[in-house]
Amino acid sequence: MARLFSPRPPPSEDLFYETYYSLSQQYPLLLLLLGIVLCALAALLAVAWASGRELTSDPSFLTTVLCALGGFSLLLGLASREQRLQRWTRPLSGLVWVALLALGHAFLFTGGVVSAWDQVSYFLFVIFTAYAMLPLGMRDAAVAGLASSLSHLLVLGLYLGPQPDSRPALLPQLAANAVLFLCGNVAGVYHKALMERALRATFREALSSLHSRRRLDTEKKHQEHLLLSILPAYLAREMKAEIMARLQAGQGSRPESTNNFHSLYVKRHQGVSVLYADIVGFTRLASECSPKELVLMLNELFGKFDQIAKEHECMRIKILGDCYYCVSGLPLSLPDHAINCVRMGLDMCRAIRKLRAATGVDINMRVGVHSGSVLCGVIGLQKWQYDVWSHDVTLANHMEAGGVPGRVHITGATLALLAGAYAVEDAGMEHRDPYLRELGEPTYLVIDPRAEEEDEKGTAGGLLSSLEGLKMRPSLLMTRYLESWGAAKPFAHLSHGDSPVSTSTPLPEKTLASFSTQWSLDRSRTPRGLDDELDTGDAKFFQVIEQLNSQKQWKQSKDFNPLTLYFREKEMEKEYRLSAIPAFKYYEACTFLVFLSNFIIQMLVTNRPPALAITYSITFLLFLLILFVCFSEDLMRCVLKGPKMLHWLPALSGLVATRPGLRIALGTATILLVFAMAITSLFFFPTSSDCPFQAPNVSSMISNLSWELPGSLPLISVPYSMHCCTLGFLSCSLFLHMSFELKLLLLLLWLAASCSLFLHSHAWLSECLIVRLYLGPLDSRPGVLKEPKLMGAISFFIFFFTLLVLARQNEYYCRLDFLWKKKLRQEREETETMENLTRLLLENVLPAHVAPQFIGQNRRNEDLYHQSYECVCVLFASVPDFKEFYSESNINHEGLECLRLLNEIIADFDELLSKPKFSGVEKIKTIGSTYMAATGLNATSGQDAQQDAERSCSHLGTMVEFAVALGSKLDVINKHSFNNFRLRVGLNHGPVVAGVIGAQKPQYDIWGNTVNVASRMESTGVLGKIQVTEETAWALQSLGYTCYSRGVIKVKGKGQLCTYFLNTDLTRTGPPSATLG
């Protein structure tokens, strides 16, 4: 209870709620309250006129009602401006309450004899509406309710106490009034507490939904950015659908297909130019770099190249070590694709020349360009990378390999498309590359018109930089210079600004402040000013607040039917009606308090006939049975040990909370019991057959004035039966989640029954009470305000309409709460799906252990990711026969069907990665028909140094088994495709540097001598064999594998190396093989 009456905390989110609360509930309810009061006052005048009374004969009544009409009309005018109400909420609410209270006290002394039961229903109305309809806090409402109760009791006690005629019955009546008012206060507190709890829950759900929506939008942006960092937009939609299908089918598995092939996302494009560029001298420079320097250097270089590519409408395809290749004319055809690539190549050479001139480091750029047609898309299931394939792509690669450092080497096809834009000279170097020599076509070197100018300008600066750099390592000097280029960091967009907002993140103070400020202004103003001051997230918040406004129920809604409030979706309506209501037992408990109040009142004001006592006893037992069913689970918790035969009892309360049919039956029965017991005392009145006021004797009513009232007739209980009926109306409002149509039916039923009883069948009791009070003929009857049956009927109608308004609003908010919870649940599920999609996309770019470095930790963006490893096993596995198999003809759709087979090979290789035994294998990339993977990358930094050599290289065995599994997969594909492809594998292990480079298309890669040698082991290998270096052979020997020497072979860039073949026919054995060593 202390929490109910404690002052609200001042945080701005609570201020948000207060503003929302006044907008959504209190503003319309206050207007409706004033409207009901005005209608009731008008009804009083109409009833007085309809009952045959002369309005001018009772000037006090007429004056009171007319003044009240004027005063409440003025209050309605003051409250009709929402911003005024928000600014003056408490004073205006207090003024309305004081006006209601003053009107009630005026009614007490207007129209006739003052009695203890006068205006009790009216004061009950004031008490209940102070909680339910006035915009007051719980503490203020409680003060208003108690003050209303005490004022009525004190005024009547002080006024009637000195009168000897009324003194004997005064105390029981005042006690009955106190019970009525206490019950009204309890019902009001209960209603307000539950409504505030429901409203706060709805508000929190709305805020949570807003946060989830923001988070969902952020995740969508992230996954869109990630998807576009892997693929062009035209393929992104198809690939996204593929990933979503994989998510639904289970991570790592591919969805069921209507055919036996994996999905192929490759298309043919004609009229494109392909550029290959290689940094000459970078391998030697990289060997001198620290891991951080190497990754920074590569990121800056390729970041610069990406910028150049963007300027010249080129699209980077891949980074292969220090090799960079891109295309122009994809995904949209461009007429100047050849010129674009040549310009880009020249700009790349210029950038490297400036770098060399500024640092004195001996590096250069070799560029090759060819124009033709390509097959472009992605293959495989993991580590998707947009790639291009065709004979023209192969030729472009050889153009780079056979080119001249610092020059752009082009083919005749490209030259024809330049249309004289650049001067060229004959390359005359076909002898440098066997492929070009075999092709036999002339090639050309583009003459850069600005090269000589730049050389002259850069000579002095280059010499000066070289002298200054003598004291500094070339790699460090180069790193320092490249930092000035300021290339963006990979995944920079995931590290700040638009990072996902958690559901617990508070709204910004700016939004909170602007909310209270803006809504204190006239809302009829154009919202443009508001939109100018708020960002998109804030604007969405205001849209949510508007949706929470209860006035929306009277407007068109896409979720509700405005008349019935039913959900427009039938499934949602069914789900709402079948939803559980755990608080139903508290509805029953509070209704039981109303029943007890009625019982106490009846015992105070009646003669307590035995039949009434028996009826109440039976009803009391029925109530206890209902409460036992509702609270059986709570009762069983109190009894730790009980008979096993009673262990089924807790299920009863669960059934009540979850079964709507049972709830409706119990709720309806409870309300009907309260209604029935409120009027039961009327049927136990001792009556006389010659009573002139009973219906059969109405014609003799005037002539029979000599008839005497029985002295034992407890007529004072008649108005209290009406008051008990009013409490019966209140019992309907206690069932917050009861459907509006059922409440309407019960209220209509009770209104008809009450009016029928007190205006027709038992109206004679009211007439008898008037005769007894006024001791005179009926023509001296009192005013409307003192006639029990008329005031009782007016009270019934007032409570009927008041509770009908509250019932509709309760229904709206119950449904709104359900709707927001459902939306929040759906948005959270969608957000979770998007997060999984983002994670999958990120893991398609980065290894699983690297991805958290860029997302989920709000990582600082100052440093590039890099990691050095002491022992990593690198695998290159190629299908050399595929080059001969690949052809471009009409039969195979210009090579598309050949790529379909390559896609099957790579996809089957990728499927092996999902097996637990190969969880340590990380796919790096594919280069044509070559598959690159590594193990040992998930080890933490320094871990290898802390373990012995045997354990640190244990993952080499995993890689060998993976290589063998690749061969087995290829054998299966050969069997089904009637081919005889064979795998050529190269393995090497040692230290590597891993990192993420490239802001436009972030790419995870590994570098180092280990990688270069592993590549040479594959390219110099033998079909069907796994070739390894001598050091790797010794490591595998220690793990139980058998290797035999191939001898000394010449390896490009490495000289003479002694290599070994792994005996893949043998599994691990105990003793080492003698063939090694």
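Cβ atoms here come from the backbone N, Cα and C positions, even for glycine.
The annotation topological domain 'Cytoplasmic' is assigned in Swiss-Prot to 1-28 (among others).
Look at Swiss-Prot and you will find 191-585 (among others) tagged as topological domain 'Cytoplasmic'.
For D278, I279, D322, the entry in Swiss-Prot reads Mg(2+) 2 binding site, with the evidence type sequence analysis. According to DSSP, I279 (Mg(2+) 2 binding site) is assigned to a strand segment.
According to Swiss-Prot, the ATP binding site annotation covers 278-283, 320-322, R366, K925, 1005-1007, 1012-1016, K1052. Under 8 Å, Cβ to Cβ, and six or more positions away along its own chain, R1016 (ATP binding site) finds G986, V1051, K1052, G1053, K1054, L1057. In the three-state DSSP scheme, R1016 (ATP binding site) is classed as helix.
Annotation comment: Swiss-Prot describes D278, D322 as Mg(2+) 1 binding site, evidence class sequence analysis. For D278 (Mg(2+) 2 binding site), the same-chain residues that are 6 or more apart in sequence and have a Cβ closer than 8 Å to its Cβ are D322, C323, Y324, M365, R366, E400, A401.
Taken from Swiss-Prot, the feature phosphoserine applies to S520, supported by similarity to another entry.
The phosphothreonine annotation in Swiss-Prot covers T536.
Swiss-Prot lists N697 (among others) with the feature N-linked glycosylation site, giving sequence analysis as the kind of evidence.
Positions annotated as N-linked glycosylation site by Swiss-Prot: N704 (among others).
Look at Swiss-Prot and you will find 808-1077 (among others) tagged as topological domain 'Cytoplasmic', backed by sequence analysis.
Cβ environment of I279 (Mg(2+) 2 binding site): L301, D322, C323, Y324, I352, I363, N364, M365 lie under 8 Å away, each six or more residues apart in the same chain. For the binding-site residues shown (G281, D322, V1013), fewest C-beta neighbours within 10 angstroms: G281. Taking Cβ-Cβ distances under 8 Å and a sequence separation of 6 or more, the neighbours of I1006 (ATP binding site) in its chain are V872, V874, I924, A934, L937, V992, V993, A994. If you take the C-beta of L320 (ATP binding site) and look for same-chain residues 6 or more apart in sequence within under 8 angstroms, you find K925, I927. Secondary structure at R366 (ATP binding site), taken from DSSP and collapsed to helix, strand or coil, is strand. The Cβ neighbour count for R366 (ATP binding site), using a 10 Å radius over every protein chain in view, is 25. Per-residue pLDDT, averaged over the topological domain 'Cytoplasmic' (191-585), rounds to 75.
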